[in-house]
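According to Swiss-Prot:
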| type | residues | note |
| --- | --- | --- |
| BINDING | A67, R68, T69, G70, S71, G72, K73, T74 | ATP binding site |
| COMPBIAS | 341-358 | compositional bias 'Acidic residues' |
| COMPBIAS | 365-407 | compositional bias 'Acidic residues' |
| COMPBIAS | 595-606 | compositional bias 'Polar residues' |
| DOMAIN | 54-232 | domain 'Helicase ATP-binding' |
| REGION | 332-423 | region 'Disordered' |
| REGION | 593-617 | region 'Disordered' |
| MOTIF | 23-51 | motif 'Q motif' |
Amino acid sequence: MNLNKNNNSVEDSVSSDLIDLECTFESMGLDNRILRALKKMGFQNPSLVQSKSIPLSLQGKDILAKARTGSGKTAAYSIPIIQKVLMAKEKSNIKGVKAVVLVPTRELCEQVKNHFNQVSYYCQQLVSVVQLGNDKTLDEQKGLLRDIPDVIVSTPTRLVQHLENKTIQLQSTLDILVIDEADLVLNYGHQNDINIIKSFLPKVCQCFLMSATLTKEVEELKKLVLHTPAVLKLEEDKAIQTNLSEYSIKCAEVDKFLLVFSLLRLRLMQGKILFFVNDTNNCYKLKLFFERFHIKCAVLNSELPINSRHDIILQFNKGLFDYLIATDESFKSDSNKKEEQELEDNENEDDDDDDDEMTDVKKEDDEENEDEEENDEENEEDEENEEDEEDEENEEDDDEEENEEDDDKKNKNKKINNSKGDKEYGVARGIDFRNVDIVVNFDFPRTIKNYIHRIGRTARGTNKGIALSFVTYHNEELLKKVSKTRGDAGYNLKPFEFKMNAIEGFRYRVEDVLRTIGIRAIKEAKKTELKQELLNNEKLKSHFSENPQDLLALKHDTTLIKKQVPLHLRVVPEYLLPTQFKNHADQKLEIIPSRPQSGHHGTTGRSLGVNKKLEQKKRKKDILKTLSIKKNTTLTGEELAQARSKSLIKRLKIKEGNISADGSYKTVKVQKKGANNNRRKLIVD
């Protein structure tokens, strides 16, 4: 089965089945500058959630919107915020923070800020937006806040720090509070932060809650911050055909590497691919595995600096590399085992309150019917084959390495919760990865919710997409629950038809490479990557803020392998290919530069040196090149002797009298002139 698809369309911001064709932005009474910006962004008609929420929010209503990813929730609150800021500026020039947008992750801070900049494109001088999700210190961010922005985008934790330090004042000027991805905000443990923020808000403040699911926690949050809200539910007809094709394939742990290599090598997977793994170690293990086979890729995880993470997402979206390995650690925040059961119970409850104004929208969230159950403990996977791999690493320091490896073995089964990763990192949900053709769950998600969020990174807008999940025996029970949930929601998670015996010829290469990727190799790769990204991060802070075009000079898909990667691994001999592919397969994968030269990232310095030496060696064997004689030149014996004499005189710097008439030189001995003199001289017998 071939996973490839043709997808040349530009990604729309909202799925076509969620567009309200009966409504226009012009009919909402929006500022002309906003309308021009929306047109520039390609917005023709509002989405269903936008057509209902924007008029209500402009009337001052609190909004609780439940809608799936890709339904246009961000524009549903950004448009009325900018409209109200412009209206306030016409009445008064008093500076003050007019709106605060809270998001769960630092990655979303940058994305939401960029969206605000797009909507306010023609009025940027009047509407200032600051995001506090970067890695600047509180003191550095004070400079950004000194001019008092109109809109602040932040994570709850960082906003609390500024409120407690009194660098942000909200009591007298704040008009709107938005909590985007409200269910995820609570999952990340921000409940206490929300309570603190609430104490700094004015008594009268319009609030938005945007969420993909309505859990009990969201209901409690609704009571805390909303007053007589309009509740918008996106109800989707199950019969609607999805653009997403979902597949799963059961395999052993080691076979995941065999499968991913074979699918890429045989061109069964092509295009822009997003790989999800469950922890940082697996992230670098998969990257090192790809590098051994000269496959370019980049990694995205919580240990990288936030500026580098932003830039990696930007470069991936621009198509500078096609393979991105992302660590999804969101399951760590799902500590409450009742969470998914509560979600199911809540979906069946009547959300109508006596004080609530209900507005039903025509589509239903594909996550509405999730009967998700937490399954963290039974689905944790052991790290594979580390014991065998360690024996291959750096034999010269055996004693020292054995001690380190023993420590690694003791700690290898521990969760990585205590890593130095950013607690506000998250990419499986909300992040706009553009034009992703295939999502590969290299490590199967820990929960049903995580599965749904991951596969939502593809098939966005009107585009088609494919989700492929590798399932080991640890995950088979969870796979059954995922399949049931997706089936109940009107989707079909199908088994992937693939004959493993057809790729057995690749097994020895894959397993040989895996033996070289032990714990030490992974640790070294992490150190190398972190050092490089820290360097990139410093550059990003200063120069690249003023020269965004120079971002192309930074590469996040460079190789982490210090040693020369065997060149024979970049090609696969024809005898290893399955019969049906021998006449079609391209013999080469995309090649990683083994050692970039300064000033030219795409050239391999070492390979050039090797080629030069080979050329010199061939030249020495070719008498015509040695004597500087062109090919197809006719020479007499005497002329050849003269040419050889000139060559000897030039190369050996000997006197003409020491050369015989036939062009050969007389027998000579090499003799040192003295013990302290390294010069040699020729003595003629």
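Here the Cβ of each residue, glycine as well, is placed from N, Cα and C on the backbone.
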For T74 (ATP binding site), the number of other Cβ atoms found within 10 Å of its own Cβ
23
Which of the listed binding-site residues (T69, S71, K73) has the least company, meaning the fewest other Cβ atoms within 10 Å of its Cβ?
T69
For the domain 'Helicase ATP-binding' (54-232), the mean pLDDT of the predicted model:
92
Among the binding-site residues G70, G72, which residue has the largest number of other Cβ atoms within 10 Å of its own Cβ?
G72
Counts by DSSP class (helix H/G/I, strand E/B, coil) across the motif 'Q motif' (23-51):
16 helix, 1 strand, 12 coil
Neighbour count, 10 Å Cβ-Cβ cut-off, for R68 (ATP binding site): what number do you get?
21
